Every structure is written in C-alpha cells, then in structure tokens.
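Below is one structure, written out as structure tokens; comments come after it.
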Amino acid sequence: MKRIILQNPNKILRRISQVVRNEEFKSVDLKKILRDMNDTLEFEYDGVALAGPQIGINKRIFVVSGKVFSKPDGKNTVIKNLVCINPEIIKLSKDRKLMHEGCLSVRPIYGDIRRASRATIRAQDENGEYFEITGSGIIAEIFQHEIDHLNGILFIDNAINLKDDMPRTLEKQKKMK
C-alpha cells in the first residue's frame with residue numbers, strides 16, 4: 001500500500017532508526033513494511049530510493065529503485081528494487097564530488113552536497129542474508145543519502161546552493177501524465 005511521504009520538519013525524520021532484529025525477518029510486519037516501501041517508491045515519478053523514516057517507519061531499512069541499475073540498452077528489462085536492511089557503510093573512496101541532490105521528504109528543495117564518489121555497504125536482504133555491494137556515481141550518492149536518513153540527517157543539513165525548484169518539479173509532473 002502506498003504511504004504518505006513525511007515532509008521536513010516532521011520530527012520522525014530526525015530520529016535515529018532502530019536495528020531490525022533477527023526475529024523480525026520472518027514476520028508479517030516486516031513483509032508489509034517492505035511491500036509498502038516498494039509501492040510508495042514506485043508511485044513517486046522522481047524517486048530513486050526511500051528510507052523507512054520517510055514513511056514513518058523507525059527501522060534501519062531503505063529501498064533503491066531498480067531503475068537506477070538498468071542499462072540503456074533499448075530493452076525494457078525490469079530490475080528488482082534493492083532492499084537494504086541494517087545497512088552500514090564499510091568503505092568510502094577518498095575522492096569526493098559535489099553532487100546535485102533532492103529528497104522526497106524535502107520537496108521541492110535541491111542543492112549540492114559533497115559525497116564520496118564510491119561507496120561500499122554491508123546490509124541484509126529481506127530474508128536476513130548479509131550482502132555487500134559497491135556503487136559509484138549516483139548509486140554511491142544514494143547509499144550515503146539513505147544511510148543519512150537512518151541516522152536522522154537530511155541532505156539539507158550539509159548541502160550548499162539550496163534552491164526551491166518548484167517550476168522544474170511541476171514541469172516534470174506534467175510530462176509524466
């Protein structure tokens with residue numbers, strides 16, 4: 001079920017999220033949370049990832065849209081969303097780049113933030129199995145942005161050149177209809 005995305009300054013966005021315990025992995029509640037997160041993310045035309053706190057879930061979970069992993073090969077291959085439970089950054093490149101970011105919980109503000117250009121995380125999947133994944137560019141940016149959410153940090157806390165981009169947002173919405 002699609003959920004409402006909380007907007008800044010909702011206090012839930014500033015809480016440090018709780019670890020998902022081992023016994024929760026087989027629960028109906030966790031399955032529903034993941035289904036709701038996937039449904040909510042799919043509904044957002046400009047969203048590439050969603051963290052639990054953004055829909056009022058105080059758990060260390062985020063979901064990355066499969067569309068960021070797809071390759072522009074002309075095939076409409078559907079790639080499953082990446083579920084990251086209890087994620088932690090285990091390696092960041094020393095190389096930092098200024099990246100342009102927005103956030104579903106800080107609409108319609110965009111800004112520039114310095115992030116590592118490569119990031120490796122360790123997380124658990126929906127079955128509790130551990131995995132590691134390394135991403136560069138937008139994927140590294142997403143990992144850092146979403147883990148910030150789980151720590152009660154919003155990108156606007158560290159961004160520069162913040163701008164209200166409402167006209168561009170409205171134009172994108174018109175194109176999607």
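Glycine residues also receive a Cβ, built from the backbone N, Cα and C atoms like all the rest.
Some features that TrEMBL has for this protein:
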type	residues	note
ACT_SITE	E146	active site
BINDING	C103, H145, H149	Fe cation binding site
For the recorded Fe cation site, enumerate neighbouring residues of the same chain (Cβ within 8 Å of the Cβ centroid of C103, H145, H149, site residues themselves excluded), in sequence order.
A49, A51, Q54, E101, L104, S105, V106, E146, D148, L154, F155
Once the chains shown are all counted, how many other Cβ atoms turn up within 10 Å of the Cβ of E146 (active site)?
23
DSSP three-state assignment (helix, strand or coil) for C103 (Fe cation binding site)
coil
Could you state the whole-number distance in Å separating the C-alpha atoms of E146 (active site) and C103 (Fe cation binding site)?
10
C103 (Fe cation binding site), Cβ-centred 10 Å count of other Cβ atoms over all protein chains shown, is 25
Counting across all protein chains shown, how many other Cβ atoms sit within 10 Å of the Cβ of H149 (Fe cation binding site)?
23
For H145 (Fe cation binding site), nearby residues of its own chain (Cβ under 8 Å, 6 or more apart in sequence):
A49, E101, C103, R115, F155
